[in-house]
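Trainee: Quick one: this structure, given as structure tokens, is what I'll be asking you about.
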Amino acid sequence: MSADPGFAVRGGVLHAEGVSLATIAQVVGTPTYVYSAAALRAAARRFRDALAPVPRKALAFAVKANPSLAVLNLLREEGYGADIVSGGEMTAVLNAGMAARDIAFSGVGKTPEELAQALRVGVGHINLESEREGEVLAAIAVRMGRAAPALLRVNPDVDAGTHAKITTGTSDTKFGVAIGDAPAIYDWLAARPGLSLQGVAVHIGSQIMAPDPLEAAYRRIGELVAALRARGQGISHVDLGGGLGVDYRGGADADVAAYGAMVARVTRDWDVTLLFEPGRYIAAHAGVLLTRVLWVKPGEECSFVVIDAGMNDLARPALYDAWHDFAAVAPNGATMRAHVVGPVCESSDGFARARMIDRVGEGDLAVIRDVGAYGASMASCYNSRALAAEVMVEGGRFALITPRIAAADIRPQTLPEWWQGAALGRAA
Ligand code: LLP
């Protein structure tokens, strides 16, 4: 599957569907995240179609990958619910018109307030990360006169074979309860008034390209389901998490059809409703970060192309040494070897090291590709930089879906009131 089906060069200029990125830069400025509705829809349908062999299932987009209202709205139209990890994501999802029952609430550090909020709105499932969290949720539910629908997240101790910082299914990570402890914890939680424990959840990591670790984890979960049933527990739901990877260099993504076939095969006798929480697979290729070249400055080994997007806009390269293709919006066929760097005052603020890229010069527009997932959602205001704008393109139309927001408007600040007189005095 080639990257970015929504993006192609037409008449010498890179377009998002029918809209020139030069036009978007002119109207909205840079840096700006640009999403293709067609690319999002295509990936959402590919994933759903791949799971056709699974009879009873629900799809929940991992909101952390891209919480934009427009993205969530589109995925709701495509039949997706949401996997959330905070009260803020819950608000975003409900604002996008998704039904509360289509929400799975994951996350290793939910607060009692967030648990109560989840029960109030009536989320579909709360994925418990520990015995103690279940005990607290049960008490809240009893107080509210509810039964909290819950799954127990299990850590299967399987290495996903991905980057250490996005591995979640080995026993040394903070996620879930150890699979060996799961039966006893499950029995104890299932007996708590206030909890309606319906099954188990697993998620072993992200950017997983080979199906083997997923299959290994699911097989362990299958054994656990059988063991729990043998202990008299009724298991109706299993959440298989997300994690399918994409290729960031224009090659083949994780084979989603093979994944669907594997899931159908491994879970054939489980007799449960399966939940899926894809994030990256749905959104990564559907977005580019549109940026302008500020300076091209000579360097010892090769030039530095300084762009107006930084690690605060796109953290993945700095955090995980992630590769993202860099391309000129109006490529002229020539290339150059360069370091592509941002304006932030950190050596880790770089997007490419000594890489052959399209030749660009001062003032030219360029894109960083495949940033529809974990791009804007991980942005910060470091260096008091604005948060980048976001634009949705569909066919020949585009719309600003998130305005550029100055750092001062995101974090309104004040002096301690006892300093204010002095400060005003100084200013006068
Ligand atoms: N479900 C749970 C419980 C998760 O923790 C995650 C991701 C997902 C689903 C979605 O996984 P996906 O299908 O997107 O792989 N910021 C990192 C990725 C962190 C993923 C965290 N959990 C990155 O930019 O690579």
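Placed from the backbone N, Cα and C atoms, the Cβ positions cover glycine too.
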Trainee: Which one, Y186, Y320, Y374, is listed by TrEMBL in the same pyridoxal 5'-phosphate site as G243, E277, P278, G279, R280?
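Mentor: The record-listed residue among the candidates is Y374.
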Trainee: Near Y374 (pyridoxal 5'-phosphate binding site), meaning Cα within 10 Å, which of R316, C345, E346 (recorded positions)?
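Mentor: The recorded positions close to Y374 (pyridoxal 5'-phosphate binding site) (Cα within 10 Å), listed in sequence order, are R316.
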Trainee: For C345 (active site, proton donor), identify the closest of the recorded positions K64, G243, P278, R316, judging by Cα separation.
Mentor: R316
Trainee: Given the binding-site residues G243, P278, G279, which one has the fewest other C-beta atoms within 10 angstroms of its C-beta?
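Mentor: Per-residue Cβ counts within 10 Å for the binding-site residues G243, P278, G279 bottom out at G279.
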Trainee: Return the single residue from the binding-site residues list (E277, E346) that has the minimum number of other CB atoms within 10 Å.
Mentor: E346
Trainee: Identify all same-chain residues not among G243, E277, P278, G279, R280, Y374 whose C-beta atom falls within 8 angstroms of the centroid of the pyridoxal 5'-phosphate site's C-beta atoms; report them in sequence order.
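Mentor: Neighbours within 8 Å of the Cβ centroid, excluding G243, E277, P278, G279, R280, Y374: A62, A65, S206, G242, L244, Y281, I282, A373.
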Trainee: Which one is it, among the recorded positions K64, R316, E346, that lies nearest to P278 (pyridoxal 5'-phosphate binding site) by Cα separation?
Mentor: K64
